[in-house]
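Here the structure is laid out as structure tokens; the discussion comes afterwards.
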Amino acid sequence: MTYSVTKRKFDVVIVGAGGSGMRASLQLARAGLNVAVLSKVFPTRSHTVAAQGGIGASLGNMNEDNWHYHFYDTVKGGDWLGDQDAIEFMCREAPNVVYDLEHMGMPFDRNADGTIYQRPFGGHTANYGEKAVERACAAADRTGHAMLHTLYQQNVKAKTSFFVEWMALDLIRDADGDVIGVTALEMETGDVHILQAKTTLLATGGAGRIFAASTNAYINTGDGLGMAARAGIPLQDMEFWQFHPTGVAGAGVLLTEGCRGEGAILINGNGERFMERYAPTLKDLAPRDFVSRSMDQEIKEGRGCGPNKDYLLLKLDHLGAETIMKRLPSVLEIGHNFANVDITKEPIPVVPTIHYQMGGIPTNIHGQVVTQNAENKSEVVNGLYAVGECSCVSVHGANRLGTNSLLDLLVFGRAAGNHIVEFNKQSKAHKPLPADAADLPLARLARLDGASSGEYAQDVANALRASMQHHAGVFRTQAILDEGVVQIAEMRKRVEAINLKDKSKVFNTARIEALEVENLIEVAQATIISAAARHESRGAHSVAEYGDTPENPLGRNDTEWLRHTLWHKEGNRLSYKPVQMKPLTVDSIALKTRTF
Ligand SMILES: Cc1cc2nc3c(=O)[nH]c(=O)nc-3n(C[C@H](O)[C@H](O)[C@H](O)COP(=O)(O)OP(=O)(O)OC[C@H]3O[C@@H](n4cnc5c(N)ncnc54)[C@H](O)[C@@H]3O)c2cc1C
């Protein structure tokens with residue numbers, strides 16, 4: 001098959017029309033820049049639309065709160081791996097970006113006095129861990145839906161150009177290492193395009209689809225991470241994957257932590273509210289890694305529910321039908337549709353389910369992508385930015401607090417937008433395109449089109465997902481991780497030999513899926529290699545061998561492992577970089593414990 005490659009020029013190309021991409025594009029379009037936003041799906045179908053619970057900001061509308069508490073909770077919730085300069089920036093900016101949204105017309109729920117309604121959420125406390133606090137700004141349990149539609153409408157008004165059902169394939173880097181655009185496949189025609197830009201921003205969202213049981217949309221295949229890895233940019237902290245405690249058992253669909261924020265509780269097979277034992281202060285509202293591990297423990301020790309004792313129950317009926325219908329209408333629908341349960345009357349079966357990647361493409365607080373040079377020194381990649389779940393700034397450390405992702409999208413989407421506007425004022429001309437600008441994606445497509453034998457993409461993807469589910473789960477062991485490293489290396493050979501049965505051009509979803517699997521494998525390998533090398537338990541990375549001693553019940557090893565991992569595709573190797581540790585230091589009392 002031959003592809004005619006057309007060329008277009010923009011000031012800025014953004015890959016991804018979720019909350020982060022559209023918050024950035026809004027800033028750029030409002031400043032009068034010529035901005036193109038690419039998306040595999042219609043913008044308002046991006047995964048941000050599925051976010052339920054809320055946006056974290058210390059507005060203090062319902063209880064005393066301030067950004068210092070939010071900062072402390074985020075550092076502690078992230079098990080001290082978050083960069084504190086970035087966390088401070090995010091928590092201080094939080095009220096501003098929420099009020100911005102309010103002024104754009106976001107339909108938040110309201111208190112009687114007209115202020116934005118806020119609910120408690122896991123790990124968010126007042127007065128440094130004393131008690132749970134109402135910090136999650138919510139629009140019922142459809143906060144992401146309301147936010148994404150608000151941002152889309154504002155972008156339409158600001159005249160952002162959207163390229164819908166366009167799949168970005170690869171970054172274009174010139175001989176200086178600068179990024180000067182992307183190549184993309186237009187799904188409707190099957191044609192390949194070069195989109196040249198002074199600045200390129202990746203906002204491709206998460207890659208939760210590397211696991212078999214996931215709360216993530218099917219499009220969450222980590223394309224931005226694959227593109228970065230193939231362009232020689234390392235991926236940071238990929239061993240840290242968050243399991244959400246309440247995915248519907250068997251279905252994977254999420255029941256927001258907002259349920260527990262509104263007062264729902266988890267119970268085991270004996271009818272006991274077991275979180276009281278694990279987290280005496282925050283109970284069911286402890287951070288997600290903590291609750292997920294406690295649930296796993298209950299199941300392992302035979303206190304699960306059902307004939308196989310392999311799930312737990314989330315009980316909501318005591319909240320009353322009126323509160324449920326007002327505050328949690330989607331959860332009510334999900335109960336009916338995915339578990340055949342009326343949550344106003346009976347509890348619903350839940351298990352910890354993969355939800356969020358803490359790692360991603362390394363950036364600074366302006367959203368600029370940073371790589372490491374040969375001397376392991378951090379260096380900005382000119383022309384390339386990343387924001388949202390595909391990036392790692394890193395505010396979530398080893399475990400994200402609920403509501404901090406929507407916040408991250410808004411704060412860093414806007415910050416990156418502002419920084420790019422400044423850059424565009426200085427840089428007038430586009431850099432010239434190298435002759436080989438489209439060679440890499442054309443070679444990838446040619447291989448797929450030329451294959452006449454081999455497995456189909458969906459079979460390889462399913463095998464990869466099953467392997468990751470087994471080898472990189474809630475509780476890991478060194479042996480299982482090491483076995484995973486070998487299996488995923490084998491899996492890469494299978495990905496490289498994928499066969500495409502249908503080779504037609506127009507809207508060929510099989511070709512799209514095959515291209516996505518080439519991104520999944522980069523994310524999976526980054527994850528398993530990084531995880532097998534981290535010989536400690538921290539946040540969501542919990543390894544049986546490194547924990548549970550009386551001196552160190554959590555298994556964290558700050559002397560050796562208080563550092564960020566970087567996985568480099570070239571050579572399949574790792575390097576490390578320090579965590580930004582001020583103002584809370586290793587010597588602070590709080591660092592030594594992580595009780596809730
Ligand atoms: C069910 C669920 C509930 C959640 N609830 C909350 C919550 O209440 N609060 C909270 O803070 N967080 C929540 N999260 C997390 C949060 O919603 C996500 O982390 C966040 O929305 C990701 O936004 P994003 O802008 O990074 O990417 P996304 O919204 O995932 O958008 C990614 C975009 O990239 C595009 N894209 C991807 N690859 C390509 C490509 N190759 N070419 C072109 N376009 C591409 C997609 O089409 C899409 O437009 C939830 C997550 C889930 C799954």
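Residue numbers in this text run from 1 along the chain shown.
Even glycines carry a Cβ here, placed using N, Cα and C.
Binding site for substrate per TrEMBL: HIS244, THR256, HIS355, plus ARG400 from the candidate set ARG293, ARG303, ARG400, ARG414. Across HIS244, THR256, HIS355, ARG400, which the record gives as binding substrate, the greatest C-alpha separation is 14 Å. Apart from HIS244, THR256, HIS355, ARG400, the substrate site neighbourhood in this chain, defined by C-beta within 8 angstroms of the site C-beta centre, holds THR215, GLN242, LEU254, GLU257, ARG288, TYR356, GLY402. Among the recorded positions ARG45, HIS244, ARG288, ARG400, no residue has its Cβ under 6 Å from any atom of ligand 1. Taking CA atoms as the reference points, HIS244 (substrate binding site) and GLY16 (FAD binding site) are 24 Å apart.
Neighbour counts of Cβ atoms within 10 Å were taken for the binding-site residues ARG45, HIS244, ARG400; the minimum is at ARG45.
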